[in-house]
Structure formats: structure tokens, C-alpha cells
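Noted in TrEMBL for the protein shown:
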type	residues	note
BINDING	Gly108, Ala109, Phe141, Asp226, Glu227, Val228, Gln229, Thr284	pyridoxal 5'-phosphate binding site
BINDING	Arg144, Thr283	N(2)-acetyl-L-ornithine binding site
MOD_RES	Lys255	N6-(pyridoxal phosphate)lysine
Amino acid sequence: MATEKLAVTRATFDEVILPVYAPAQFVPVKGKGSRIWDQQGKEYIDFSGGIAVTALGHCHPALVEALKTQGETLWHTSNVLTNEPALRLASKLINATFADRVFFANSGAEANEAAFKLARYYASQRHSPYKSKIIAFHNAFHGRTLFTVSVGGQPKYSDGFGPKPADIVHVPFNDLAAVKAVIDDHTCAIVVEPIQGEGGVVPATREFMQGLRQLCDEHDALLVLDEVQSGMGRSGKLFAYEHYGVQPDILTSAKALGGGFPVSAMLTTNEIASVMAPGVHGTTYGGNPLACAVAEAALDIINTPEVLDGVAARRQLFVDALQGLNAQRDLFSDIRGKGLLIGAALKPQYADRARDILNAAAAEGVMVLVAGHGVMRFAPSLVIEPADIAEGMARFAAAVEKVLG
Ligand SMILES: *Cc1c(COP(=O)(O)O)cnc(C)c1O
């Protein structure tokens, strides 16, 4: 007996979903590579990548194959049992990074929650329960659990949910003197995104990252890098810390890790991991075979010279197109970011039009993102076809024309 499919449209969203999002007016039903199609069959070029998630585009054949194969083999066991895909993925992440140990979870926020808990726990076990201060940054984004919104540097995401976790201080990003002024021996961790994503696509400077590493070493604090958005090839290296000549103590990965399948990871060293014991932290789904099999397939493809080296050339195509647009219209004050995490900051007189440009771009058939205040953000597939970049940027230019005249 065939089950009847309920007819749903964008209007259904306003009736059935908790109103915490304001999704676009179209409903995508299919994706392939860097293109998606909506219910009416209209085609869009995807420069948003599901917010830096679909790093190999939509329905990449190798990921579909991994999902199908594992889907017919074993989905879930809980952590009462371990499983082969999780052990393989952890081994590969360790081989590719500073890390010796991996904890799997299901979202960026959960990986960060684990990271912040581990930083506090490590300090309490190795030093003192009073070594609990976390230093974080204005405009930082670390997720939506209560701990992660509290460490995040945008009060609008944590206000109204108090009492908030205590002993978290925020200072300006890329301002080493401000960190020096607040760090002390009661600090357990500095938490930072090597490239602030949601905050407006702002890369940390080399001096800043190296200075943070040094301050952590001087105060027995851990350097926690949130690479949920900047990692998994997005910057042109597997993880963005490789650009800076520093090693973290804890690193979190999510978004592109599963190429669109929900999975996240927290990476750390043997020394830090050694304070943990069964029961201290955990999750039911984290490290399930289905998610790990897809992530392993994604990592196998992303962590290759072909994909990582292709990022710079693709970035150049975007930057050339954005600069060309800027030469015509004097639109952007800055074009920045690393690799295929690109921010084009609108000049102050246009900054309030960022949403309008995003909506007009969708109408023209190209999906882009907004970050911070007035920053157009591009986070496409790492393997996007150059022809898709050219066509998408032409559609973007048409959208700008429509909005700004
Ligand atoms: C998206 C993001 C998160 C949160 O990830 P979720 O999967 O939405 O919980 C955390 N940190 C950074 C830097 C992010 O970009």
C-alpha cells in the first residue's frame, strides 16, 4: 500500500515549525553538485553550502555510496559498543592532525560543549577547581547550547536564557593586549575561531594566534580552537590552524566533517584526554556508524592535494569576480577570509541592504549567506565547478543591480 504524501509548502513552515528561523521563500527538493532545485523546478547555484557544510557539493557519489552501504549494514549501536567506522575515522583524523584522541558528537555545539567541559575538567583535576576562567571573543560564535552561547560573544544569543554559566570573559578579537589584561593563573582556556565565521568572516592574524598560544603556555591554560566552520579544507588546509604555525590543545570540527550528514568531533592530546574516565561525559548518537562512515568518505576526499590545492584557485575566481563588481560599483570596503570562506563587507551606506541582496540573489538563482553586520558570505563546495562560479557570480551581480539600482 502506497502511503499518501502530505502536500507541504513554504507556508506550512509558518504553521508547524518553532519560529526560530526565517527561511527563504522557496523549498529546495533536490541537489546535485553545486546546484539545487526547488518545488517549482527552479534551479539555484549554491554558494552557501548549507552554511559551510556541503563541502563536496550535494549528493556527492562517494558520500551517497558510503551512506547506502553503511545504511544497509549497521546504523546505530550506542556507546555500549564501539564500531569500525568510528575507529577508522578517529584514526584518520589523528593521522592528519596534532591530536591523539577523538570524541564524536552530532553537532558543532555539542563538540564545543565537550571541549569547554574538558578544559574545565582538566584544570580541576590537574590544577584547581578555581581554575575555571574561560577567555573568549566579541562576535565569536560557538553554538546554541547554554554553555556555548555563553562562551559565544554575541549577547543577543544568550540574553533571556539566564542564569548563564559564570567565569567567562569576552575581549576584542585580534587584540592580544586585551587578552593579556584578563588572563591569569585561574584561566583554564582561551577559546577562539581561527577565522570568525558568523561574526563576519574575520581571520585571526598570525601574531594574535601565536600570542594566544604563548599566553596559554605561560598560564597553564588550554588553547581551544573552534574549527567547526574553518576546518575540513575550507581554508585550503585541512584545518585552519596549519596556516598559523601553532598547535591547539583541543580542536572542534563539525559542519563539513560529514559533508551534510550530522556529525562532529572534538580532538585533543593524550595528556588532556587522560583526565577523562567512563561516565564523565558522553552522548547516545555520537560516533554512530552511519555518520562516521559518511564522514570517513568525506575526509578521504577532502584530505587530498587535489581538493585542498584546488581551494586557492577557486577562491581566486570568487575574489576576481567580487573585485570586478567592486570596480564597477564601489560596493565593498573589504574582501577577506581564507580559502573558500569568503567575506565581502559592504560599505557602511549599503550594510543594511545585505539581507535584501541575499533575497534578490535567491530570486536571480544564486544562494549566498550574510555574516556579521553587512558582510556577504560565500562558503561554497570545495569542488565547485569554475563554470558554476562564473554563472553564480553573474547572477549575484544582477541581484546587486536590482537592489541598488
Ligand atoms: C556553526 C558553528 C557552530 C555550531 O554548530 P552547530 O552544528 O550549529 O551546533 C559552532 N562554532 C562555529 C564556529 C560555527 O560556525
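Glycine too: its Cβ is placed from the backbone N, Cα and C atoms.
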For the residue listed as 'N6-(pyridoxal phosphate)lysine', the close binding-site residues (Cα within 10 Å) drawn from Phe141, Arg144, Thr283, Thr284 turn out to be none
Once near-sequence residues are set aside, which residues in the chain of Phe141 (pyridoxal 5'-phosphate binding site), 6 or more away, have Cβ atoms under 8 Å from its Cβ? Gly152, Gly153, Gln154, Tyr157, Glu193, Gln196, Gly197, Glu198, Gly199
Pick out which of the binding-site residues Gln229, Thr283, Thr284 has the most other Cβ atoms within 10 Å of its own Cβ. Gln229
Those binding-site residues among Ala109, Glu227, Thr283, Thr284 lining ligand 1, judged by a Cβ under 6 Å from any of its atoms, are Ala109
Cβ proximity for Glu227 (pyridoxal 5'-phosphate binding site), under 8 A, sequence spacing 6+, ordered by residue number, returns Glu193, Pro194, Phe239, Ala240, Tyr241, Leu251, Thr252, Ser253
With Cβ-Cβ distance below 8 Å and at least 6 positions apart along the chain, what are the contacts of Arg144 (N(2)-acetyl-L-ornithine binding site)? List them in sequence order. Ala109, Tyr157
Starting from the Cβ of Val228 (pyridoxal 5'-phosphate binding site), draw a 10 Å sphere and report how many other Cβ atoms land inside it. 27
Intrachain C-beta neighbours of Gly108 (pyridoxal 5'-phosphate binding site), sequence separation six or more, cut-off 8 angstroms: His142, Gly143, Asp226, Val228, Gln229, Thr252, Ala254, Lys255, Ser264
According to DSSP, which of helix, strand or coil covers Val228 (pyridoxal 5'-phosphate binding site)? coil
Using a 10 Å radius around each Cβ and counting other Cβ atoms from all shown chains, which of the recorded positions Ala109, Asp226, Lys255 yields the largest count? Asp226
Give the maximum pairwise CA distance in Å, whole number, for the residues Gly108, Ala109, Phe141, Asp226, Glu227, Val228, Gln229, Thr284 listed as binding pyridoxal 5'-phosphate. 25
